[in-house]
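Undergrad: Annotations for this protein, taken from TrEMBL, read as follows:
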type     : residues  : note
DOMAIN   : B:8-130   : domain 'Na+/H+ antiporter MnhB subunit-related protein'
TRANSMEM : B:7-28    : transmembrane segment
TRANSMEM : B:34-53   : transmembrane segment
TRANSMEM : B:74-94   : transmembrane segment
TRANSMEM : B:114-136 : transmembrane segment
Amino acid sequence: MNENVYINIIVAIFLLFGTILSFLSAIGLIRLPDVYSRSHAVSKSASLGVLCTLFGAFLFFLLTDGYFSIRLILGIFFVFLTSPVVSHLLNRAAYHSKVELTKETVQDDLKEFLEGE
Amino acid sequence: MSPNDVLLRTVTKAAIVIILTFSIYLFFGGHHNPGGGFIGGLSVAAGLVLLFLAFDIETVRKNIPIDFKKMAGFGVLIAVLTGVSSLFFGEPFLNQTFGHFHLPIFGETELATAVLFDVGVALAVIGTAITIILSISEGK
């Protein structure tokens, strides 16, 4: 076992974790009942999956070639910054265009607030 | 009830810096890496579209007082002039040259006249894309 094998194992763990998270978010997109819980599943786990994949690629180029890819760092930061905002805007647009919540919903505070105005 | 866009606007202010910096990087990296005038101009246009989405068109037009139609024409003019200028040196049309210069900060740098042509392409692309988007959005 030389050094290169350890590098490959670490990178493979990151890539596998990222792809498994993306797969789980796709399952959540199919199985969850309404828009809000679907976006809850997709935005968190898909963005973490993409972040893990990008970080694995960054580590691979850094440790094998010694190439510090500033573009991958920038991509990680950019996905981390923008993907929650996208999900927030989608959810808000869905709520304001009166997409129904699932039947199991217990409480809807925002509806009472909007009606109170 | 007017929508509350605090989240979108705050993130846009951070993201626009990254987008414009990356498009400048793409523009100058075009000689040896993937990139160049076209994709650099398109990513600048994408950043401006993000600004138009987050803030309204009037605010952005007031803060960036550029006529984008004139910008597209100016870009084509630059591209043609760089082609014509090689005729004055007895070379064929659109011929280009490069040389090594010693700049104050960058040190020994290779400067090519192809960058000037790329400036023209980038300005033409930015002007055309923004003109298309603005004229679509203003039509009622």
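Here the Cβ of each residue, glycine as well, is placed from N, Cα and C on the backbone.
Bear in mind that TrEMBL entries carry predicted annotations, made automatically and left uncurated.
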Undergrad: Residues sitting near the transmembrane segment (B:114-136): Cβ under 8 Å, six or more positions beyond its termini, same chain?
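TA: Sequence-distant neighbours of the transmembrane segment (B:114-136): 27-28, 30-31, 36-38, 40-42, 44-45, 48-49, 52, 57, 68-83, 94, 96, 98.
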Undergrad: Over the span of the domain 'Na+/H+ antiporter MnhB subunit-related protein' (B:8-130), how high is the average pLDDT in this prediction?
TA: 88
